[in-house]
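Input: a single structure, listed below in structure tokens.
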Amino acid sequence: MSAVWSHCRRLTRPSPNRHISRCERLGTLGLPWPNLYRTTEPRIGASGQKTARSSTSAAWEPRTVAQRALRAVWGLGKAPYDPGLTFKLQRRASHCPQTSHPAPSSTMASNDIGGSKDIAATDNGLHKRSIAEVERPSADLEKPTYHSERVDKEVAAYASDVRIDISPERNIELRKKIDKRVLLIMILTYFLQAIDKGTLSFSSIMGLPADTGMVDAEGFVTQKYSWLTTCIYIAILVVEYPQNYIIARVPIAKYLSFSIIAWGTVLACHAACTNFTGLVVVRTLLGIFESACQPAFIIISAMWYRREEQTARVTYWYMMNGAQQIVGGLLAYCFSLIKTGPLKSWQWLFLTYGIISVVFGVFVLWWMPDSPMRAHCFTEQEKHEMVERVRDNQTGMQNRTFKREQFIEGLKDPQVWGYALIALCTTLPTSGLGAFANIIIKNFGFTTLETQLLAMVLGFYIIIVLLSSVWLVKKTSQNLLVMLGFCIPSFVGTILLMTVPNETFSQHVGLLISYYITLSFWSAQTLALSMISRNIAGQTKKTVAVALNFIIWAAGNAIGPQVFLAWDGPRYFIAFATHLGCYSLLVIIILFLRWHLRRENKKRDELVAQGVAEAREDSTGRAWDDLTDKENLSFRYVY
């Protein structure tokens, strides 16, 4: 018995170097890491520092040397030797907050051999944990320190419960690799989608309405033309939530590739249409397959990029709306020169873009990874680091489990509805202005070829607006105020379009410039999309937010062309008056969201001041637990 006694005293002797050494010695001998010490709980002292307070759970914590000896002897036959024991124990201990530093900031203090042992957890000494918290039975160490039932299995395989330090240089290197594989595909995909949708506007002055029976006896375009845009968004309205449900549960890159190939095939079929009915059918199918694009990009942006990187990335692919005006206008000008052959110029336009989209869809299948965990183009180390990069987002990464409570929370959250209403107020004007862009410009007194070229200038202006908004957000960190500022030119331009006569050449030019600046509000739509990916946490809740946003987005796009009434042309006063109402509502929503998000952050800051642990602690250790922004009290909103 004396041998056992001395053996236990030697094993439990405090280490002058680091608190884990005793646990390692126990593990190396095959012991089950018995809890030989009383636990300690932190408490706030008068000075604001945390001190130790011993617990009274003596029923399971042996305090005397004899009790510890019996525990050690009893444990000898309970746990077989585990060669990986030391590694597991180190990994378990390293999850403690203090182990993000090279060494503890203070040494252990002991009252006796079996006394309470307190270890300083951080450099400033604000958190302390006891040896008892790491000396647990082996079954405990097999479990991850995060809530495993909440974490997606693929994410859990690469998400370490220990923070990995990534240097700024390494982070830039990883981001460039991600941009090459992910951002490039998003930019090109959205460009093709935008140019495919914009093809209808270009073809409107290339003979499409007349060839398919959409003009009246006087040669004016009838209301049927408006329905070709509306039917796309009615289809999106119907399938948007099912699309979001599917996107969250399938390999996202492969599904995106399928969607691109499908909509490219449908686009090419436009060339075979000879009447209004056929065009409605293919336009509806086009809307169904294109509806996967933007929701997938929101999920992809949150999966691959940090919060501070997402605004720029969303803007890069969204400004392809402007790029398609430039490239599309130039190509439409070239196609409009085709006067002979078996196909008409607008038919060549649809057929060419459709074939290009199909080929690109095959390229996406080969080039783009589904997620950091499934990226065969990256090494295992890079996968771990890419997952670690987005830990601080606290918005989760991937989770295919439907959570009813998150679904309900998403429907009740005011900010979710705020983003949806921003989508309504921005898409209702943009869809109409986009569908009727060439018709409006031509009515200012320009020829068909001049109209095609002037549409390119509109694309340059859109790109300038979007890049300027990103630059201002980066400099000021004021997303909503920047949105507000870009609404002002839209008010001015719309009022001028309604009041300035269209008689002289100088007035034609003035109306053209006024039309350009009305599209300044597009920055609000882009910044709102980036705020969804940064401010909404929890995968089910994010699915609800994205789906609701794009359902309302589709509704706005469906209504937009309908306010351009045929009998109200060519000035379309009713349409522009409706747009003024949208801008006014947009300003109100922006002001409300700013007030609401600031208030939420202030409430959480007050909880920190009151000492509420959930609001004060660093919750990045639970970044993969699929918590919503409401559940995670340490989450702070950007506004």
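Glycine is treated like the rest: Cβ placed from N, Cα and C.
Curation plays no part in TrEMBL annotations; they are all automatic predictions.
Here is what TrEMBL says about this protein:
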type	residues	note
COMPBIAS	96-110	compositional bias 'Polar residues'
DOMAIN	182-598	domain 'Major facilitator superfamily (MFS) profile'
REGION	93-133	region 'Disordered'
TRANSMEM	182-205	transmembrane segment
TRANSMEM	225-243	transmembrane segment
TRANSMEM	255-279	transmembrane segment
TRANSMEM	285-305	transmembrane segment
TRANSMEM	317-338	transmembrane segment
TRANSMEM	350-368	transmembrane segment
TRANSMEM	416-441	transmembrane segment
TRANSMEM	453-473	transmembrane segment
TRANSMEM	480-500	transmembrane segment
TRANSMEM	512-532	transmembrane segment
TRANSMEM	544-567	transmembrane segment
TRANSMEM	573-593	transmembrane segment
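Between the transmembrane segment (317-338) and the transmembrane segment (512-532), the number of CB pairs under 8 angstroms, six or more residues apart, is three or more, so the stretches are in contact. By the count of Cβ pairs under 8 Å, the stretch nearest in packing to the transmembrane segment (453-473) among 225-243, 285-305, 480-500, 544-567, 573-593 is 480-500. With a cut-off of 8 Å on Cβ pairs spaced 6 or more residues apart, the transmembrane segment (480-500) and the transmembrane segment (285-305) reach fewer than 3 such pairs and are scored as not touching.
Contacts between the transmembrane segment (285-305) and the transmembrane segment (225-243): present, as 3 or more C-beta pairs lie under 8 angstroms, all at sequence separation of six or more. Counting Cβ pairs closer than 8 Å and at least 6 residues apart in sequence, the transmembrane segment (416-441) and the transmembrane segment (225-243) reach three or more and so form a contact. Taking pairs at least six residues apart, the transmembrane segment (544-567) and the transmembrane segment (225-243) share three or more Cβ pairs below 8 Å and count as touching. Counting Cβ pairs closer than 8 Å to the transmembrane segment (225-243), the top stretch among 182-205, 255-279, 350-368, 512-532, 573-593 is 182-205.
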